[in-house]
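Student: Quick one: the structure is below, questions incoming.
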Amino acid sequence: MPKRTDLKSVLVIGSGPIVIGQAAEFDYSGTQALRVLKEEGLRVILVNSNPATIMTDPEFADATYVEPITPEVVEKIIAKERPDAILPTLGGQTALNTAIALDKNGVLEKYNVELIGANIAAIELGEDREKFKGVVERCGAESARSHIIHSMDEALKAAEDLGYPMVVRPSFTMGGLGSGLAYTEDDLRRIVGQGLQYSPTSEVLLEESILGWKEYELEMMRDKNDNVVVVCSIENFDPVGVHTGDSITVAPALTLTDREYQRLRDISIAVIREVGVDTGGCNIQFAVEPDTGRVVVIEMNPRVSRSSALASKATGFAIAKIATKLSLGYTLDEIPNDITQKTPASFEPTLDYVVVKVPRFAFEKFPAADPTLTTTMKSVGEAMAMGRNFTEALQKALRSLEQKGSQLDFSHVPEWEVPELIEKAKRPTTERLHQVQRALLGGATVEQLFEATKIDPWYLDQLQLLNEISHEIRKSTALTPEMLQRAKRHGFSDEQIGALTNNQEAVVRGVRQALGIRPVYKTVDTCAAEFAAYTPYHYSSYDEEDEVALHSKPSIIILGSGPNRIGQGIEFDYSCVHASMALRKAGYETVMVNCNPETVSTDYDVSTRLYFEPLTLEDVLEVIAAEERTGGVMGVFVQLGGQTPLKLAQQLADAGVPILGTSPEAIDLAEHRGAFSRVLDEAGLISPKNGTAVSFEDAKKIADEIGYPVLVRPSYVLGGRGMEIVYDEPNLSRYIANATEITTEHPVLIDRFLEDAVEIDVDALYDGTEMYLGGIMEHIEEAGIHSGDSACVLPPITLGNNVIERVRTATLAIAEGVGVRGLINIQFALASDVLYVLEANPRASRTVPFVSKATGVQMAKAAALIGTGVTINQLRSAYKMLPETGDGSTLPFDAPVSVKEAVLPFSRFRTPEGKVVDSLLGPEMRSTGEVMGIDKHFDTAFAKSQAAANNALPTEGKIFVSVANRDKRSVIMGVKRLSDLGFEIVSTGGTADVLRRNGIQATPVRKVAEGSSAEGEGTIADLIVAGEIDMVFNTPSGGEARIDGYELRAAATSIGIPCITTVAEFNAAVQAIEAQRTYEWSVTSLQEHAENLKALQNG
């Protein structure tokens, strides 16, 4: 059946900001979908609030709306654009929930818009826990015994029937948000309380505990002719009880018998038919009781999901692309497989390799959080690896994480430690895999560990096998070919072999290469080599036959950014993808090396060739060698993927690899305190007084000289890792004592902390003679809050022309002095009209996508071409990639205003007592993603950014105000304005007195520390939890007030109301609230903004 001809325009709803549980995989899916829709000749409209996505690049849609994804805003877009259909299955839970709300509000009917890809009935059946239970029963399958509840009383009644422990799962949430395991009534009250609040329908499922069962997923697709394919089976290494996003997962499933697999397949096909998913994909999760084989259906997602991205990358089967074609009316047998070009999509993929995904966590950013893994997802990223066997894929995946201690440790385990390791392994944490492997190494049996962890004995055997090989390596008297070949086939790195044989990594590599033991590169072809593959998508293995084809011209290799983490996220992938696009258009062959299954960069058609490999020196050198053998390498880009490839720059150069763009020497100069200070001195620029310390005595001396407060941090970090503002000597002593590594090579950097300064961020391009300044961003929060967590605005709204000119001159002097070729990011602080240079990063920064979207200039593409020798002058005239005159510092006065806001994951992380971790911002970055608000004026743009970040500002109600003494004078005008607008102001003690003295009516409330009164009057935290407060404004102070502040910020975070912790953000919020009350929001596409900006610049 050919595609439908009645559809002329389609609105795609994106997933918004990167949050835990809903990350870059939806940009990958969405980008594929937009390409398909455009190829099919449809007018494409997109709404997505995340500027760091490839899908929001203006060329991917006809009208791109970077607006909040709320039913109200999407209705405005529908009213303006009048699409024929909405595709809601590629934007995660956000898009599905928005589509359901638009249907319930009557908007779809009002504008005669239909949903494609999934109908409302199918979404409801798949997502509504009670209805889905009925579906499973009608299919003759089994669900866990359960009760649906809508109140706490119902939950307590259900507990009498189900008994403890039990699983709590809210409806219509993603990433297991609000779910958990209740072992006691206290647990039940706490988790159900959260669940009722997080579920948009206030519906929660309580089910019998199936802890310790094996967990599987099947990724399915179905078309309107009832053709069904199973794309991939996925198995969780961890048993039920750990969210699948936090578990190590393996594809294909390795421990199912043929009969068991057939049973899961039959149930899945029956369920997908009964639910009615007939134009797209879904995934279905199962639990299997290891002793009896009893199968229970856990849940389904009637949409493209995190698992779909993993299954796509694992098999080469483009799920999102094919799902989009199905939604337009095609059938599976009409859609060709891109990779083989001979088989249709109705052929199920076959794998002749093993894929392992491992999650990456960020507990170091939230020291107070409980690291136990539960049904609520907590990982911030993931790495994937492929191998010819499980052990090879596992070891490659672990080293892809790039975390200290992520590789397996084969050093001696004393006997006394084994019982302790077995005991620790009973509780699922990020360390469990290592505890299990070490316990086995120390002599524990597979039976003991199966009893403790319920991890399948087959996997425990595989860990035992790795331990045995490590013994063989240790016993080996020399680096023999037999030993090296066996070790390599099971994924041991040169570094691990070196540690076991007391050799340097470089020595092992030298011997291995001299013996001719090199990896070959296999191809992901969807069909186990039954048909030829036309897309070069490779993974390494120590096998026989190399499958890298000869290429006619030297390649340019782009090193990606590895797994997402806090501080290095999708923004860096954006720059890598843009570089590949620009270089391919300019006629180069590009090679992408990356190991992140969520991203656009690891899509098989973004580059000429893709290598799915860890970003370690060993793995990257082998990819370069493979490219050299088959046609040569022009050079490697390390400046686009963040700190991961940057760390390899010098070692690659030492190995004779040509580095494109900024040289390793220039990269080092910018990171090196002394050398960089000389660049500033020559340019007549100043930085805050600073010093480097290798001991506490050093640190104390420097801090005394420059005066407290000081900012202390380790050298060579991204995302403010380990950074802290220290106000006195005792705290400095504590920081130095806790610094993991402080040596001459890794000193601690100490800077004077500039209080009350305005922070400024600049992204610029430099080609050796000319600079193009991309954009000047003014931070809304004061200095001291990490730039990645601070809201910022472009163009700047309070900086005069004189300051902008000084920033421009300083940027040029630094770019020249460092010797940049391509992108540079510089952070300044303006304090008492003195401009200080805080730091310079000669690489793509996390603000590049935001600046590109705000100004309509794609900077990463320009940087890539500069790296190949193109000048800024040529980029202006011949390539038309930069404006003919002027740059981002000369934006017209009435240019649109863009606000970038950070999205923070505090609601995911709880202390062992079940409280949310503190939401206070500081110099260490904690945000997982970002959104953008764009409008004619700052106040509305800021309001949009808050709504997009799920932090919508109230337009009426009660506002709680409690600020530190130093801030009381600064907040009076803002609070008075809110009071005049009709808000009720609620305040504690001292703040209430100050407000009343200034003529502001403030209702006093009890502090947390005071507790409830004898008459039963609750504290401010009680009022927040009861939903009586609409916004919290609290700046931190010391002593008892600090504890008070934490309690009320935690209460605000847990019920999801705005919680503002800085004066600057409060003042911006007051402006935004007033704007929301005064003006009707309008929606404008990026394409319209670009046209308007061009007209202003030319006019």
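Note that Cβ sites are derived from N, Cα and C of the backbone, with glycine treated the same way.
Sharing the feature lines straight out of Swiss-Prot:
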- 1-402: region 'Carboxyphosphate synthetic domain' (REGION)
- R129, R169, G175, G176, E208, I210, E215, G241, V242, H243, Q285, E299: ATP 1 binding site (BINDING)
- E299, N301: Mg(2+) 2 binding site (BINDING)
- 403-546: region 'Oligomerization domain' (REGION)
- 547-950: region 'Carbamoyl phosphate synthetic domain' (REGION)
- 677-868: domain 'ATP-grasp 2' (DOMAIN)
- R713, R752, L754, E759, G784, I785, H786, S787, Q827, E839: ATP 2 binding site (BINDING)
- Q827, E839: Mn(2+) 3 binding site (BINDING)
- 951-1099: region 'Allosteric domain' (REGION)
- 951-1099: domain 'MGS-like' (DOMAIN)
Student: For the region 'Carboxyphosphate synthetic domain' (1-402), what's the mean pLDDT in this predicted model?
Tutor: 89
Student: Which state, by DSSP, holds R129 (ATP 1 binding site): helix, strand or coil?
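Tutor: In the DSSP reduction, R129 (ATP 1 binding site) maps to helix.
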Student: By DSSP assignment, list the helix, strand and coil residue numbers for the region 'Allosteric domain' (951-1099), in that order.
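Tutor: Helix, strand, coil within the region 'Allosteric domain' (951-1099): 76 helix, 20 strand, 53 coil.
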Student: Looking at the binding-site residues Q285, N301, Q827, which sits with the largest number of other Cβ atoms within 10 Å of its Cβ?
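Tutor: By the 10 Å Cβ neighbour count, N301 comes out on top.
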Student: Cα distance, L754 (ATP 2 binding site) to Q285 (ATP 1 binding site), nearest Å?
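Tutor: One finds 52 Å between the Cα atoms of these residues.
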Student: What Cα-Cα separation, expressed in whole Å, is found between E208 (ATP 1 binding site) and L754 (ATP 2 binding site)?
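Tutor: Checking the Cα atoms of E208 (ATP 1 binding site) and L754 (ATP 2 binding site) gives a distance of 55 Å.
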Student: Specify the secondary structure state of L754 (ATP 2 binding site) as given by DSSP, simplified to three classes.
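Tutor: SS state of L754 (ATP 2 binding site) = coil.
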Student: Return the residue, from the listed binding-site residues E208, E215, E299, E839, with the maximum count of other C-beta atoms within 10 angstroms of its C-beta.
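Tutor: When each Cβ's neighbours within 10 Å are tallied, E215 leads.
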Student: Would you mind pulling the DSSP three-state label for E839 (Mn(2+) 3 binding site)?
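Tutor: Looking at the DSSP assignment, E839 (Mn(2+) 3 binding site) belongs to a strand.
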Student: Please report the Cα separation of E299 (Mg(2+) 2 binding site) and L754 (ATP 2 binding site) in Å, rounded to an integer.
Tutor: 52
Student: What three-state class does DSSP give G784 (ATP 2 binding site)?
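Tutor: DSSP assigns G784 (ATP 2 binding site) to coil.
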Student: May I have the DSSP-based helix, strand and coil counts for the residues of the region 'Oligomerization domain' (403-546)?
Tutor: 73 helix, 10 strand, 61 coil
